[in-house]
Amino acid sequence: MEELKLMRSLCLPISALNLLHYVKSMVTVLCMGLLGRDELAGGALAVGLTNVTGYSVLSGLALGLEPVAGQAFGGGGGGSLPTPPGFNLATLAFLWISLTWAGTAQKEPDEPTGSAEWADMAHFSEWAQLLRLSLPSCLSVCLEWWWYELMTITAGYLRDPAATLAAAAIVIQTTSLLYTISVTLSSAVSARVAYELGAGRPRSAHVSFVVAMGLAMVGSCVGLAWATLGRRPWVHVFTDDPTVQSLAASVLPVVGLCELANCPQTTGCGVLRGSARPVVGAAINLCSFYLVGAPVALVLAFGLDMGFLGLCLGLLSAQVVCLLCVGFATFQTDWEAEALKAFHLVGSGDDKGGLAQKENV
């Protein structure tokens, strides 16, 4: 019960933030849908471009802060790496300070100049730590988001591309809404796992993982119900075109099945991030979506002439494979070893937080 309360305290503000962010996109798509089918189809491509070139990259880089920030906070804020505000200030201030001081170093006494240069080297070391986690996290998010945009672009090559692209816009909005549940649980469990590992409490981290996966199963059932039972009134919100309505409503049950796998696997990716294993998540997304999902989608959509339904079935195959791989990676986790790894990541050399972690582990 205590863990449920902690998860609730994290999930409520995160979900509110995600829903507010979703509403901005939804209002835009609603307005385009009122203008007509062609406008909705064009809007699908425009929104996809912003996701590919902007939101996915920024979101992925931000998620890379979670393991180090959470583990550092769990360890009492000590260690060789700064706490989250320190990371943000260091990344912004370091470039400005380096450029400002570049021409004035020779005017300073020898000892302070040497100290400044050593501080710069320390920041480079911290950047290396951050980049080793941020870049795989960014790649993991981008690989999944880009697959949806690839599906949208591919839909333009099917029969009646305007209607198919318009239906794809509705599907993307549906998955984005359901994704707010998944990403909320993912962020919450990432923070909880990182904090407990940083504090040297591997058993508590395991409890957080189990509770989050249980909540993910509930969330996936909610997503399935929304995409199946409520699909027709939901589609009518976006467009009055009967062709688009029929096409979107026919594939939303498949999207609901995708959510049965998507919510647990996204939550599991949060566990991988929280335990500083984003490379595993990136590798799983690459194999699942591009080595399995993309070929299946293309064969079904074009080879078997299943059209837009084939693309959605390809997404389902990718989500199922991703769930199996993430489930294997997370359920096989050695939590004691991950706690020790967290100690070495953020607790080494710290007499307050780091040694306490080592004793607890």
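Glycine too: its Cβ is placed from the backbone N, Cα and C atoms.
Summarising the annotation, TrEMBL assigns transmembrane segment to 162-185 (among others). Long-range neighbours of the transmembrane segment (162-185) within the same chain, counting only residues 6 or more positions beyond its ends whose Cβ lies under 8 Å from a Cβ of the stretch, are 11, 14-15, 18-19, 22, 25-26, 29, 32-33, 37-38, 40-45, 47-48, 148, 151-152, 155-156, 212, 215-216, 219, 222-223, 226-227, 234-235, 238-239, 241, 243-244, 247-248, 251-252, 255, 258-259, 262-263, 266-267, 270, 307-308, 312.
Annotation comment: TrEMBL describes 205-229 (among others) as transmembrane segment. Proximity of distant same-chain residues to the transmembrane segment (205-229), defined by a Cβ-Cβ separation under 8 Å and at least 6 residues beyond the stretch ends, is recorded for 3-4, 6-7, 11, 174, 177-178, 181-182, 185, 188-189, 192-193, 196-197, 252-253, 255-257, 259-264, 266-268, 270-271, 274-275, 330, 333, 335, 338-339.
Per TrEMBL, the feature transmembrane segment maps to 282-302 (among others). Packing against the transmembrane segment (282-302) from elsewhere in the chain are residues 136-137, 139-140, 143-144, 147, 150-151, 154, 158, 269, 308-311, 313-315, 317-319, 321-322, 325-326, 329: each is 6 or more residues past its ends and has a CB under 8 Å from a CB in it.
For the transmembrane segment (308-331), the residues of the chain that approach it from at least six positions outside its boundaries are 147-148, 151, 154-155, 158, 164, 167-168, 171, 209, 213, 247, 250-251, 254-255, 257-258, 261-262, 264-265, 268-269, 271-272, 277, 280-281, 284-285, 287-289, 292-302, judged by C-beta separation under 8 angstroms. Under the heading transmembrane segment, TrEMBL lists 308-331 (among others).
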